[in-house]
Amino acid sequence: MDASLPLLVAVPLLGAALLVAGGRLVPRPVAETVGCAVSAGTAALALVLLLNSSPPFLEWSGGWTPVQGQSVGIVLIGDGPGLGMAALASLLTLASLAYSWHYFDEPPSGHAGSFPALLLLFQGGMCGFAIAGDLFNAFVWFELMSVVAYALTGHRVEEARAVQGALTFAVVTSLGAYALLMGIGLLYARTGELGMHAIGRGLDAHGCPDALVLAAFVLVMTALLVKSAAVPFHFWLPDAHAVAPTPVCMLLSGVMVELGTFGVWRVYGTVFSGPGGVPAPEFERALVTLGALTAVIGAVMCWYQRHIKRLLAYSTVAHTGLFLIGIGVLKPEADDGIALYVLGHAGVKAALFACTGILLDRYGSVDEHALHGRARELKGVAVLFVLGALGLAGLPPFGTALGKSVTEEAVGGPLTVLYVAASAVTAAAVLRVAARVFGGLGPRPETGSGYETTGSGERPETRHRLSRIPDTMTAVPAVLLAGAVAVGVAPGFAKVVARAVNETGSAGVFTSVHWTPAGVLLGLVSTLLAGVLALLAVARPKAFAAPDRALWLRRLQSGHVGDYVAWVLVGTTVLGALTLPGMLGG
Amino acid sequence: MSRRARLWLVAVGGAGLAALFVAAALDLPAFGGDHHPYGDRAVHAALTRRTANVIASVNFDQRAFDTLGEMTILFAAVIGCVILLRRTHDEHRGRPAPEKVARPVRRYSLLVLPVALLTGLYVIAHGQLSPGGGFQGGVVAATSLHLLYLGADYRALERVRPVALYETGDAIATSAYVVTGLAGLIGGSAFLANTVLPYGTFNTLSSGGTVPLLNAAVGMEVACAVVVLLARFLDQTVEIEEGNGK
Amino acid sequence: MADAVIVVALLLVALSATAAVAVRDPARQALVLSVLGLVLAVLFTVLQAPDVALSQLAVGSALTPLLLLLAVHKVRRRGKKEGHHR
Amino acid sequence: MMDVFPYLVAGWVFLTGCYGLATSRNLIHAVGCLSVCQAGTYVLLLAVGYRDGATAPVFSDLKPGSRPVVDPVVQALTLTDVVVGATVTALLLALVVQISKRHGTVDPDELSELRG
């Protein structure tokens with residue numbers, strides 16, 4: 001059973017290769033069916049392995065099992081969190097393949113299989129990254145998922161915005177990847193190993209942490225934080241997620257960004273958590289500071305958007321901030337909470353993107369102001385969209401609410417307020433969109449400061465503008481939302497997740513995870529807050545429009561790739577400065 | 001952001017990173033040091049599997065899983081370029097006029113072409129013995145085909161280079177690598193395990209078990225991929241023209 | 001002796017990398033990058049990495065500059081055509 | 001001096017590339033700068049694997065055990081890195097070509113579609 005772990009990568013890759021080889025011979029429906037079948041098969045395999053992952057196991061690729069504790073092969077980790085992320089990535093890939101079924105843009109002639117093939121490669125890359133136990137191998141899969149994501153983001157080459165967003169994304173992420181490689185070089189020089197556990201042991205054997213460990217930590221984390229879009233590495237995300245085709249957005253926001261966060265957790269836990277690594281208080285300071293900043297900036301910017309996909313992208317930024325805080329406090333309960341939060345968030349966010357895609361394909365616009373009252377006829381989509389917004393706010397019994405409440409109790413204090421506020425503001429922005437676009441409530445808002453990206457003039461992603469919404473496109477968000485609810489209510493599910501996370505994460509400390517009155521109350525509070533904010537914004541658009549004071553924040557998001565690179569450099573310095581204090585003593 | 005402000009950011013960020021890196025470099029083991037535990041184990045493992053070129057053994061045996069990812073990245077980039085550089089609705093295809101080529105150039109390139117092609121194939125074939133292998137040979141072989149563009153003209157190149165065939169070849173080579181890996185899982189012990197074939201005699205073409213097979217698959221993949229990549233870019237430069245209605 | 005050769009190769013790498021950034025014209029940069037590829041290949045040979053040197057020679061000093069030049073050509077040709085239309 | 005010089009060169013190359021990337025006025029030039037950044041990673045990896053007085057880890061003309069060899073693992077990593085770099089360059093250039101078509105420019109200062 002354990003030996004089939006690498007198949008999580010091999011199967012989608014083989015499927016993609018066959019789709020490309022046979023793509024010119026088979027008609028489109030066949031290619032799409034094959035794509036769905038391969039993706040579903042991989043998802044099933046991931047779930048089966050996940051059920052067998054207690055206790056966690058290691059698999060050595062190529063059969064190079066260690067001799068006297070040392071191996072020359074690549075180690076893969078089959079534990080709950082890794083396989084859980086692989087399963088999540090696989091299920092979302094299946095969802096986006098189903099969403100794009102038959103209706104998505106005509107492929108280039110002779111390449112019927114190219115879009116499903118790219119999605120399968122994406123799936124393979126994400127699964128590979130999730131189960132990687134070797135730092136260089138993680139880099140390879142990191143690159144694969146990045147390269148595929150660039151191509152998918154720029155897929156609609158006729159759109160000026162799509163190609164610009166894709167290039168920005170590609171440059172910033174590639175730079176991050178090279179920083180990761182520099183970090184790997186430093187770690188290899190010190191320890192002479194590449195396996196994450198082996199590096200960790202090597203660092204511990206060397207003794208107290210020094211500048212080399214600090215630099216390696218900063219460089220490796222730079223790549224992962226670029227991927228998970230922490231401030232100030234986050235600028236690429238809104239630009240890319242706003243322009244990528246909808247099925248791709250579902251994957252980017254639903255799971256790829258979270259994989260970056262997962263990478264932070266994995267790498268810290270295996271490489272840097274020992275006595276020779278980065279001390280816990282330093283890690284906590286760095287991650288909680290950056291996470292809080294990310295949550296605040298993400299939420300504020302989310303509120304000021306009128307381009308609906310961009311708005312959703314910023315809400316992803318805000319939520320990543322919350323995830324980073326949860327990981328940063330290094331408590332087993334917080335880890336459990338974040339795991340549940342990520343699962344719930346993936347379903348909710350992907351569903352919201354799917355609904356936005358329907359708007360785009362139906363009306364040729366994703367602009368909140370231009371669509372004012374136009375989508376009144378789409379009752380079903382409206383219900384799904386509002387449900388998604390409530391899930392984002394953390395309304396019980398959504399999985400997001402359970403995850404959030406567990407994390408809130410773990411982090412405690414003022415950070416709890418931040419959790420409530422960030423989720424309330426992002427959800428309020430989405431509810432505001434729903435009230436205006438689907439309900440036609442309030443006066444038609446006026447155009448804002450001018451320094452913004454509108455959502456009009458976007459072309460539908462389907463061959464023709466849809467006159468009737470296909471069943472697949474509404475079924476997918478419905479199922480995703482149902483999944484997000486199931487995370488919260490399925491009996492025993494939360495316990496299983498917590499157990500799986502604790503088995504790897506907290507060295508045998510097992511925590512119990514369940515709904516608490518305080519958690520439910522906090523969830524209700526943030527939902528209520530979101531509703532009130534949204535209603536006020538709709539009723540009084542002037543009072544809640546972006547004030548000139550906020551303009552500097554918007555100007556930072558300039559769309560200029562040079563700016564973003566400069567911010568990445570600043571980010572590494574900030575990260576280094578935040579981690580530095582406790583490491584000088586050694 | 002103004003150019004000045006950006007320069008300040010770069011200065012601050014760059015200075016921080018530079019300081020960090022210099023401090024780290026001072027803590028690194030001295031250049032040329034003797035502590036390479038993984039490297040020493042890799043050499044030992046390569047010799048037990050009778051692969052003369054240790055790097056080939058690391059790439060195609062010990063860390064073959066990395067190479068799988070690497071060739072998939074190349075494969076993905078090829079599909080990506082095919083999609084990104086497709087002819088869009090507002091563009092049309094122009095016929096390039098045949099160009100006159102100076103005789104020395106023509107003679108030189110037609111002379112070098114077969115030599116370069118053979119060199120590429122030789123480098124691929126000896127991957128597990130001497131420096132070189134699928135990557136290097138594949139790139140050389142693919143690039144050499146393009147000497148035709150220099151020596152004859154674009155049309156001559158198009159005749160020897162049916163791009164669709166190379167795309168299929170690219171995909172088949174990638175699947176061949178995965179299938180070899182699966183054979184290791186089914187017939188041996190683990191995915192990409194080099195236990196299916198005999199290891200052969202040290203320092204011969206067929207030594208190393210599945211290493212030559214994987215090496216050949218990568219060679220074919222890289223050659224096809226580079227041909228397709230260059231073809232897409234040449235297509236954009238030479239043939240595709242934008243319509244007037246933009 | 002070996003150290004001296006390594007130092008020279010390293011200096012050349014640093015120099016040509018700086019030049020590749022300083023040269024702002026992309027077509028010229030492609031040529032400088034091809035020189036950088038060559039110098040890197042020399043450095044790798046000196047560092048006893050013939051495999052990497054070979055691939056750097058093929059990729060860094062031939063393939064990458066070629067792709068860059070093709071892109072420059074395409075962009076320039078567009079610019080010229082645009083000029084005609086206006 | 002010789003102990004750290006190669007590492008410093010690697011850092012210099014990487015940072016120079018970053019500087020070029022941030023200040024570039026032409027996207028094709030920026031892509032070139034990114035490949036300079038990557039050259040820094042090659043130099044670091046190979047410098048880390050070097051061993052004084054050792055030879056290449058290829059035993060076709062060398063009796064195993066007769067001489068020390070340099071670290072083969074970093075060479076394999078660098079090889080992977082080189083190929084990855086070329087593919088990323090190709091993909092980025094494809095995007096730049098499309099940007100020049102859709103925006104009519106490859107100067108990042110003149111791209112103003114995405115902001116705020």
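Every residue, even glycine, has its Cβ placed from backbone N, Cα and C.
Heads up, TrEMBL stuff is auto-annotated, nobody curated it.
Feature list (source: TrEMBL):
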TRANSMEM  C:6-23  transmembrane segment
DOMAIN    C:11-77  domain 'MrpA C-terminal/MbhD'
TRANSMEM  C:30-47  transmembrane segment
TRANSMEM  C:53-72  transmembrane segment
Report, as numbers and ranges, which residues of the same chain sit near the transmembrane segment (C:53-72): CB under 8 Å and 6 or more residues beyond its ends.
-> 26-27, 29-31, 33-38, 40-42, 44-45
Spatial neighbours of the transmembrane segment (C:30-47) far in sequence, C-beta under 8 Å, 6+ residues away | 2, 5-6, 9-10, 12-13, 16-17, 19-20, 23, 53-54, 56-57, 59-62, 64-65, 68-69, 72
Can you count helix, strand and coil residues in the domain 'MrpA C-terminal/MbhD' (C:11-77) using DSSP?
-> 61 helix, 0 strand, 6 coil
Tell me, roughly as an integer, the mean pLDDT over the domain 'MrpA C-terminal/MbhD' (C:11-77).
-> 93
